[in-house]
Amino acid sequence: MPFGFLSSISCCLPCEVPGAQIIDLMMLVIDVTKGMQTQSAECLVIGQIACQKLIVVLNKIDLLAEGKRQTAIDRMTRKMQKTLENTKFRDAPIIPVAAKPGGPEAPETEAPQGISELIELLKSQISIPTRDPSGPFLMSVDHCFSIKGQGTVMTGTILSGSINLGDNVEIPALKVVKKVKSMQMFHTPVTSAMQGDRLGICVTQFDPKLLERGLVCAPESLHTIHAAIISVEKISYFRGPLQTKAKFHITVGHETVMGRLLFFSPAPDSFDREPMLDSFDFSREYLFQEQYLCKDSMPAVVDSDEVDKQTGQATEGCCPRQQWALVEFEKPITCPQLSLVIGSRLDADIHANACRLAFHGLLLHGLEDKGYAENILPTLKVYKLKHKHGLVERAMDDYSVIGRSLFKKETNIQLFVGLKVHLSTGEQGVIDSAFGQSGKFKVYIPGGLSPESKKILPTAIKKRGRAGHGEAAKQEEGPERTEPAQHVGLSLSFKRYVFDTHKRMVQSP
């Protein structure tokens with residue numbers, strides 16, 4: 001990919017992304033005197049996401065010196081083949097043309113060069129896709145204008161279903177329903193149209209300024225969503241990580257809005273599970289990620305004083321086959337399920353020689369309820385896997401020990417009572433209570449300490465306490481003990497579900 005040697009960037013990307021879902025074949029036009037530019041590279045990225053066929057057109061060959069023209073064309077052809085070799089378009093045909101020899105000021109008598117060959121190539125590459133008239137009508141509108149004495153015309157491409165003259169259509173973003181007065185395809189009046197057709201629909205009493213671009217559909221067939229669960233695949237040419245809580249420009253259909261992301265993946269034992277491409281399972285559990293996981297990234301530690309097991313996943317090269325994100329939109333959008341989603345950083349420095357497209361995926365589940373945070377998200381079982389480590393200070397008796405360094409002094413240890421802990425000597429215990437005021441705690445060992453552990457662990461020898469002091473105070477403040485021959489560790493592991501309003505800690509049985 002040529003982002004390493006590009007020198008210019010275009011601001012047209014917001015216009016390119018929305019039309020990505022209706023591409024059957026892509027024709028990438030390159031100025032043969034300049035080669036790939038950043039905008040061209042971003043178009044190529046969109047092409048890899050949205051279509052399967054590509055033709056590269058080397059334009060303006062008339063500007064090349066006639067004696068060196070073929071050499072220059074051959075050189076640029078090799079450069080383009082090198083650019084495409086690591087993409088799905090590695091075998092794409094490349095054809096030289098001069099669409100307007102002499103430039104826009106040249107007389108009309110100047111005949112184009114290579115255009116007839118390009119037309120033949122297009123005819124050989126393109127095929128008529130299979131179209132399906134069933135399902136609800138949905139049309140992507142790219143122009144809206146008024147015609148005096150007739151009404152307002154909306155032109156676009158039918159994405160699904162079919163439509164007949166006299167049908168009602170809804171502009172879902174405005175919650176407006178209108179009756180189809182007339183229809184045309186390529187200036188020819190028609191009474192019906194179906195998926196894949198380019199169509200102009202005329203309605204009355206509708207201000208075209210209200211809809212520059214957007215969707216038109218069968219009444220009540222589309223819903224407005226405030227957040228969504230999407231599948232995510234990072235675009236490899238995007239520099240930098242995809243981090244949870246980061247904001248991106250999210251393009252769905254003809255809408256581009258800001259959205260904040262939270263990334264998650266399957267539970268670690270399901271990393272190799274076959275991806276679910278067109279649905280999302282709320283019954284499964286998912287692992288929270290500080291960022292999208294890929295081999296060149298290292299997941300961040302969840303808290304500065306807590307080690308998360310996921311930190312080892314990237315270093316071991318163990319990345320999940322599928323990852324998802326919860327996207328919370330800054331303003332509601334209207335779109336169908338399984339829409340193509342493209343995330344980008346359109347606010348990046350336009351003079352930087354870098355790809356602004358960050359990720360792509362499919363919209364698997366839209367959240368229509370405005371109160372989704374309270375009503376729906378608690379059913380999304382995304383958890384953080386927490387690990388805490390401490391030390392056994394001493395044994396109190398054969399069935400209990402005192403632990404330290406697992407909690408901060410100000411921690412409410414009562415919240416952790418009943419959770420299981422593991423000793424590095426092999427025993428399993430249960431946090432029984434706090435012990436004193438310094439963050440220490442008592443652990444009950446149901447099976448008792450092993451003889452080997454008792455040899456390692458020192459025991460408290462109580463001093464004679466002064467009257468009025470409690471037993472716990474005597475043991476906390478006045479024991480005589482020897483230093484252990486070796487330290488015995490304590491570990492505590494639990495899940496905490498991100499959207500659990502009660503912030504409960506859960507351990508496996």
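Using the three backbone atoms N, Cα and C, a Cβ is placed for every residue, glycine included.
Feature annotation from TrEMBL assigns compositional bias 'Basic and acidic residues' to 468-484. For 19-123, the entry in TrEMBL reads domain 'Tr-type G'. According to TrEMBL, the feature domain 'Translation elongation factor EFTu-like' maps to 151-214. Summarising the annotation, TrEMBL assigns domain 'Selenocysteine-specific elongation factor 3rd' to 229-361. Summarising the annotation, TrEMBL assigns domain 'Selenocysteine-specific elongation factor C-terminal RIFT' to 378-503. Feature annotation from TrEMBL assigns region 'Disordered' to 462-487.
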Three-state composition of the domain 'Selenocysteine-specific elongation factor 3rd' (229-361), taking helix and strand from DSSP: 8 helix, 54 strand, 71 coil
Secondary structure content, the domain 'Tr-type G' (19-123) (per DSSP, counts of residues): 48 helix, 17 strand, 40 coil
Secondary structure composition of the domain 'Translation elongation factor EFTu-like' (151-214) [DSSP: H/G/I, E/B, coil]: 3 helix, 37 strand, 24 coil
For the domain 'Tr-type G' (19-123), the mean pLDDT of the predicted model: 90
